[in-house]
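Reviewing the structure listed below.
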Amino acid sequence: MSPESKKLFNIIILGVSFMFIFTAFQTCGNIAQTVITDLNNTDFHGSGYTSMSIIYGVFSASNLISPSVVAIVGPQLSMVVSGIFYSLYIAVFIQPAAWAFYTASVFIGIAAAVLWTAQGNCLTVNSDENTIGRNSGVFWALLQSSLFFGNLYIYFAWQGKTRISESDRRTVFIALTVISLVGTVLFFLIRKQEDTKAPGEEDSAKEILGDSSSAQNKMMRAVAAFKKSIKLSFTKEILLLSVTTAYTGLVLTFFSGVYGTCIGAVNRFGSEEKSLIGLSGIFIGVGEILGGGIFGLLSKNNRFGRNPVVMLGIVVHFIAFYLIFFNMPNDAPIAPMEGTDDVAYMIPSKEVAIFCSFLLGLGDSCFNTQLLSILGFLYSEDSAPAFAIFKFVQSICAAVAYFYSNYFLLQWQLLIMVVVGFFGTITFFTVEWQAAAALVARSSDYSSI
């Protein structure tokens, strides 16, 4: 197998592994609040929103140390151990207990930081400036396929049900735990890349993947990775991209946790309200896969850079927010177990609700594929710290959004995303123009990004 084929093989395995793990985790997140609402009639008392807020809060803090962990352990083993913790979190729902639920939320927050830092490093090591756009799209499309499979099962299994029984819950979460473990095992198939840099050339990827077993050298790499994270945090490009990244964190919370809960709370949807949560997740996944696939395949021939894709993303999201504002009752995110009979500015439409799910997924793929691409391009030699900062900002904003989702009406949640999205688009344009100018200065072909 040629070096290029081996790199593409690694990207595909990376994407498939994440697809399995997040088929389990994102399906879990999509139905968690609905399941917990039913469980709160028993001895269990908890909140899916609170759990997700803990996860993303710990996730954000853990990103400060995750480059050091990956430097010591290596990206492959880091992803394997993290995958195990994802599986344990999902397994908690088989026989829920509040203390185990919230404890697992803390541990998965740490695991998520390590997992995504290792993923960013693995993506960059297996790409160059000519393939980073394609590889980002391929990975994103495979990752977001996870939204399709798990939610497809939820849609058919929960058809016509207004309450989720103990038997239904256990069946779903046992299956999701096994799926997550399969994805974890697949990480072992990723092949280590040979170092192709010239002697003496600095490359943090080499530092992260170094073979030395010396404890002193490992500690030096860990300290170096931490220092690079702090240094990169205050660069102009990272500060500007942080606004865009913050927006993706808010949107992540909305489509992965809040919007499904809104749909499940609308009594006017009748007996289909619970199964529609699964259908919504499917169409979010369709939008994500379509976006990732198209932008990955077209990246090689894109003469206009990344800005038009991001512009498409914000336009698509603004249309989705407008339709959701008109279609969904204002109290849907915080409705009680009985749901809500309120009406917004139109009679709630199942078709409009599902179409908005598709738009949310498509717009999200526009932003995330281009953020992965520009980070891999700008920080090819500092990939682990750069991706750790990206996930730090994204996760802390997701944590804040999950926290206020317990209290804010729908209209205020939509307004926050509109404002942050507007400014995030402007800051991304600024960084992309600078990247284009730098590439021209290096006499490289910009159209190949």
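Even glycines carry a Cβ here, placed using N, Cα and C.
Look at TrEMBL and you will find 7-26, 46-65, 100-118, 138-158, 170-190, 238-256, 276-297, 309-328, 386-404, 410-431 tagged as transmembrane segment.
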Message = Pairs 6 or more apart in sequence, C-beta under 8 angstroms, 3 or more of them: is that satisfied by the transmembrane segment (138-158) and the transmembrane segment (170-190)?
response = yes
Request  = Using Cβ atoms only, state whether the transmembrane segment (309-328) and the transmembrane segment (410-431) have three or more pairs under 8 Å that are 6 or more apart in sequence.
outcome  = yes
Query = Taking the transmembrane segment (238-256) as reference, which of 46-65, 100-118, 386-404 has the most Cβ pairs under 8 angstroms?
reply = 386-404
Note = For the transmembrane segment (170-190), out of 7-26, 100-118, 276-297, 386-404, 410-431, most C-beta pairs under 8 A are with 7-26
Note = Most Cβ pairs under 8 Å to the transmembrane segment (386-404), of 7-26, 46-65, 100-118, goes to 46-65
